[in-house]
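Here TrEMBL flags Glu302 as active site, proton acceptor. Per TrEMBL, Zn(2+) binding site is recorded for His301, His305, Glu324. Annotated domain 'Aminopeptidase N-like N-terminal' per TrEMBL: 18-195, in sequence order. Under the heading domain 'Peptidase M1 membrane alanine aminopeptidase', TrEMBL lists 229-446. The domain 'ERAP1-like C-terminal' annotation in TrEMBL covers 519-832. Taken from TrEMBL, the feature site 'Transition state stabilizer' covers Tyr387.
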Amino acid sequence: MTKSGTINDLQLPEHVRPSSYTLQLKVDVEKQIYDGSVLIKIFIYEDCDFIVLNSSNLEVQGARLGNKPISWSVDREFLRFDSKFTKNELVELSIEFAGKFNDHIAGLYQSSYTIEEENEEKTRYVAATHFEPIDCRTVFPCFDQPDMRAEFEIILIVKSELTALSNMEVEKEIALENGFKQVVFKRSPPMPTYLVGLLIGQFDYVESKLSRIPIRVWSDPGKINKALYALELAEAALEFYEKQFKINYPLPKLDFVAIPDFPKLGMENFGLIFFKEETILVDRDTTSTNNKYEVAATIFHEVSHQWFGNLVTLKFWDSLWLKEGFADWMSWYAIDSLYPEWKPFQNYLVYDLQNSLTADALSTTHSVEMPIASLEDIKQGYDSISYAKGCSLIVMVAKWLGVDIFMEGVVKYLSTFSWKATTASDLWSCLYDVSGIDVGSAMEVWIKQAGFPKVTVEELDDNKIKISQRRFISNPTVTEYDDYLFPIFVNIRTTKEPSYQILLKSKEEIFELELEDDFFKVNSDQVGFYRTAYSEERWTKLGLAGVQGKLSVEDRIGLLADCAKLAESGYISTICFFELLKQWSCEKDAYVWDEAINDLFDIQDVFIFDNGNIFEGINQFMRNLIGNHIQASLEISQKDSYELNNFKKTIFSAGYSNGDPLVIKYCREKFASFTHDGNTVNADQRGVIFKCVAKYGGQEEYERLMEIYEEADDDDIADDALVSLGRFPKPDILQNFLQFVLDSLNEQDVLFALSALKNHSTGITTLWRFLRNDWESIAEKLGYGSETHIKVVNACLLRLATRDQKDEIESFFADKGEVFEKTVRSALERIDLKVQWVERDGSKLREWFKTNLHYSDGIVSKVEGLSIDK
Ligand SMILES: [Zn+2]
């Protein structure tokens, strides 16, 4: 049969496949141009009359098939060669081309850093690549698809003073004329195009002395002393995964590179992992413990991809969740084994799980296995659904089978499919082989169906409960998803061990529980991806059970989160949340506090423009709740465990937000001693101290913080100062700051700098005014409709909450174009939900605060001795 015809936009025809590339690029890093050639050996699987491959924005200058010139045609982003090809033939297609660097941080692009040389600041330019998912085709013609592996022989021609890195070790360097050299890398094992990495520039490195193969961390030479922490983690990660996966890391070296500009936290290029500089370069002594955890999580994530993603690759991008969800889970599993005090799975419950449940409750969500209709869909897949929901499905399966059996299945999957491409069903079948349990049929529903269920528990007589499910949608008025059904693992915790384990496959079912007392909690340890709703009385009883030690940390986190989100969506009253939490002032766990305080802030946000004192009521509630711990939170010690340190940090930060006078006094003193006497501040407290000084400060404090930002040698200190500058309560100070952001910051820092304004009412309205008044300058700075522009618009609209603001948004964006449509639509939907929430629960909450906090209409007990408007 002869293959011919039109080309599908998304996937290349499968009648031919590449077996190797010899790629030569001559790169001018400063002028941002390059030219090169690629020789691709292509195996013909079926008789056919054309070969097609991906090529985007390249100037093709010539092509040969074997020794003979061949003509080509350009069809959208494809190169097509028409000729007769015979089955089982191996043909050699060579193409000459030239290209320009990408203007954005994608494909092949320029980055830079400055160094001081002979008392002068000099800029050093760097060329770097980022190909995932589909930007390799913008650098050289190729079969740009994850299932099309081939061996790579890469040759770079660069200025002789520069270092060139790629996936493999250098085989030889040959000096050329005019100050250039040719760097020839060893041939790679077969790998997909998106994992090719190139880096050219002046870099320094530190190298491991302990590892089985060379491990190096590279950076701008001025920052190399901050690379040691990453190197230590890299060694630990490689050793841990080799043991766990029972397969040695397959390449002869592993390089980690900190790049000044990089679009992601990290990217797992085979043997050459790239990171955004600040993700892995830290000064162990001055960085916060949170930051150290983030460095570890990112490094363990990327290293795990060297097996899960690189050794075994996805068939196509619709399965992105599989590699990302697994890498997240694997990094936490590794950290939990090596550094258990960090409690990564509890961190996951508070942050990743909640973010993904929130995103997945919107009607605009998508299934974990993504429907892909366009190239744009492939790029849009990198969201909390693919990563965090993907990961929570892995959490569910690992718990269901038991971690040891799950890992046995993973080892089988990695060895069975080494150097091949897979889908999720390949993993399910390996898990079945080792466990005898058919996880696949349940999991296929979870990956193909968007959303998740709300599980409602109704208490009947004689210890019977009725459990029913319905899709959880954050907008309670939406009913169109009523026929959704999920297979749910309903684990029920009681005082009797072990817990009940039920697989609910229907809309509703009645269960009889054997209870020793009046206690039970559905979704024990919060393993299942759903929210559970109880009766009002049951929430109060569960609150009591939390105090009595009947609930695990995971249960307490889950209970709070479920309760707050069910209230937000109108499934239960917001009072249930306060009834549940009000008894927990003795809580000792940092992550439970993180969850509680995040939830309180979320509720507070909704009432930020409501003049009925609910905002201040929540502050008072918080002060009552954590008041006993405030003094302890100020007394930090080097000897504190990671957990205690976390606990103190959370309480301290909440104390600053709710205006605790002790915290404010402490912050002002520490700030004075830092600025006047040059004393250092604790890295874990520094951010809060700066923000607190700003929140209760004026012009003088503004100038001091600006000075710190501009003069700090340490990036962490500069960042803490920058993000505090948006916390000032006076509109004219904020206006000055916004002007500074526009005039002086570079593109990638704008969003970060603006984020602090979203956290207070004056900031929110100032930000909104700024967006409208400076619309043109903002667009010019960020590029109209660019990814950063859209993110900035989103940040400016995120916390708006009133009907008037909704009208203003609608009229302002009426003529701003389709590119903002999705962002604006979500903003309007959010406001609707907030308005409904205020109308539904506002007066009930006011009444509840009156009874429980003893405040009269007007002002909630004012904080003594504190003048807020300085
Ligand atoms: Zn990843």
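Glycine is no exception: its Cβ is also placed from the backbone N, Cα and C atoms.
Unlike curated records, TrEMBL annotations are generated automatically.
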A correct count of other C-beta atoms within 10 Å of the C-beta of His305 (Zn(2+) binding site) gives 24
Whole-Å Cα distance, Tyr387 (site 'Transition state stabilizer') to His305 (Zn(2+) binding site), is 13
Surrounding the recorded Zn(2+) site, with Cβ no more than 8 Å from the Cβ centroid of His301, His305, Glu324 and those residues left out, we find Glu268, Glu302, Ser304, Phe308, Gly309, Lys323, Phe326, Ala327, Asp328, Met330, Ser331
Across all protein chains shown, the recorded positions Glu302, Glu324 give the max Cβ-within-10 Å count at Glu302
Students should find that the Cα atoms of the residue listed as 'active site, proton acceptor' and Glu324 (Zn(2+) binding site) sit apart, in Å rounded to an integer, by 10
Candidates His301, Tyr387 (recorded positions); min other-Cβ count within 10 Å returns Tyr387
The average per-residue pLDDT within the domain 'ERAP1-like C-terminal' (519-832) comes out at 93
